[in-house]
Amino acid sequence: MIEFTDIRKVYGDDTVLGPVSGRIPAGGVTSLVGPNGAGKSTLLTIIGRLAEPTSGTVTVDGLDVHRAKSQDVARTLSVLRQENHFTARVTVRELVSFGRFPHSRGRLTREDVTHVDDALDFLHLGDLQHRYLDQLSGGQRQRAYVAMVLAQDTRYVLLDEPLNNLDMKHSVRMMAQLRRAADELGKTVVLIVHDINFAAAYSDRIIALRDGRIAASDTVEAMMRAEVLTEVFDTPVRIHEVDGTRTAVYYR
Amino acid sequence: MSETHLPAPSPVETARDGKGAGAAAVAPVRRGLPPAARLAVAGGLAAVAVVCFLFLFIEGSFDFAFERRLTMLGTMLVVAFTQAVGTVVFQTITHNRILTPSIMGFDSVYILMQTLLVSVFGGGVLAATDGMPKLVTQTLLMVGFTMLLFGWLFSGRSGSLHVLLLVGVVLGLAFRSLSDFLQRMLSPAEYDVLSARLFGRLSSAEAAYLPLAGAVCLIVGAVVWQRRYRLDALLLGRDAATNLGISYKRELTVMLLLVSLLIAMSTALAGPMTFFGFVTAMLAHQMSGTHRHAVVLPMAFLIGLITLAGGQFIMEHVFYASGMLTVVIEFVGGAVFLVHLLRKGTL
């Protein structure tokens, strides 16, 4: 279980987040949604200990992520940012192999190689594994990054907008693969999603942020209601039942 | 970036099911030799260069010439090691393949120290104070300067590498201007003595310093080698490296300390060399065929050694200009740097 208590992030005089508290249970897919500047990324990167909170603590399965040994945290949770810039030219396979670093410290064992192969298979990257990242399309590269965090084989996987730059087809595939990672591999997936309907279709829980606070947090069922979403996004939202799923309509 | 590398008609389909006929055809075959073989070739070339430099064209007393050349080879080993390893590590932790520690102001600190010595105590002081204490003091001063700079910048709110680099470059410029100013007030004779110190000098380094320098290289080398996989992971950038369980700040501090020690050592021993490290690191990255530091670091060292030993051999016996090697390296290196910068168009 991920538990965050009184998290605040302050830049100068600006409080961009918090104080927020909450918990994300183990298992399943949890989506963070909210308008721009709501603090989604800030919260996710603080939980993933890529940023220090101004105050507050985060524990993941009892491990204080900002104080525990970085290597131990890296075996418990993995986190992927939206933008990744690498100095080196690496192939897909080399990138995914980096995911084993917390376990092997660089020397790959046979077990590590198996994990890398599994992660490549899981995201259908087998034939692309010897390509360099700069020879891939945006969607393929995004899959390679996700394969890296899956190879890390952590119980918790945090992703900042994995659908960024993906077209319809690749978005659907990415979400289905993440859903599969939760269902088949038992991962706890926490991700930021821009499209509320994507969040509804693939998540178990939705946490909505607004103005640096948690505006609402509940199951998909409870969250996909017109008054909740209208409030969160500050835009009139109507809910329609389409193919048995609640779908938000807000385009006009 | 684009899907133009993929064959029509259906790049995405190919990628997806992973069995597309076209994927295998365009998948780049890893070109050329495996990294181990590349290292072996570089090692062979380095050995040839060293043997040529040591044994060929000895006129007169073998013992005298050999001992002199051996001392010079020792200096070359130290300079090649410090500059190559220092630059490769520096470029890895700064996520930058253009800037080098020398460009960041190391040289200017050294130049200012020498200039101050001469302006205050006169031209004789340089020769009079030469010795182990001076070498150690100069090294420590330069390490102190960089650690002060790094420590201040990393502890502050603006823990940004770009700010650090900018401050380094600006301070370097300031020191250089101050040195220039002081140099204008020297008498021509004193200036002459001084300027001899302001170019790299492989031939005039004292044999007495080499054991110490060698020991420092060995220790630093062992630490860096032990952390070679962590350096690989640092190539992924701050966030990805942190995700992989690396204590980014601690790793950065350790590495910056080692880099300053190496470059300061090299500068105090053999004078400033601004572009030598840049050239070795750039060639090493191109020749290694991999990003792994286990290959790139030794490759950079070997290329540095080939350049120095081979270069000295050619300068001495083809161009009869034995003292000019470092000047030529700096000139060629600077030109390569400029071309590289212009072609890349950005830092």
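From the backbone N, Cα and C atoms, a Cβ is placed for every residue, glycine too.
According to TrEMBL, the transmembrane segment annotation covers B:36-58, B:70-90, B:110-128, B:135-154, B:160-178, B:207-225, B:254-283, B:295-314, B:320-342.
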Worksheet item: Under an 8 Å Cβ to Cβ limit, what residues of the same chain, 6 or more beyond the ends of the transmembrane segment (B:70-90), are close to it?
Response: 50, 53-54, 99-101, 200, 202-203, 205, 207, 210, 213-214, 217, 220-221, 224, 231, 255-256, 258-259, 262-263, 265-266, 269-270, 273, 276-278, 280-281, 284, 293, 296-297, 300-301, 303-305, 307-309, 312
Worksheet item: Under a criterion of three or more Cβ pairs within a distance under 8 Å and sequence separation of at least 6, are the transmembrane segment (B:254-283) and the transmembrane segment (B:160-178) in contact?
Response: no
Worksheet entry | Same-chain residues at least 6 beyond the ends of the transmembrane segment (B:295-314) whose Cβ lies under 8 Å from its Cβ atoms | 35-36, 38-39, 42-43, 45-46, 49-50, 52-53, 56, 72-73, 76-77, 79-81, 83-85, 87-89, 202, 224-225, 228, 276, 279-281, 283-285, 287-289, 322, 325, 328-329
Practice prompt. Report, as numbers and ranges, every residue of the chain located at least six residues beyond the transmembrane segment (B:207-225) whose Cβ falls under 8 Å of a Cβ in that stretch; write 'none' if there are none.
Written response: 71, 74-75, 77-78, 81-82, 85, 89, 132, 135-136, 231, 254, 258, 261-262, 265, 269, 297
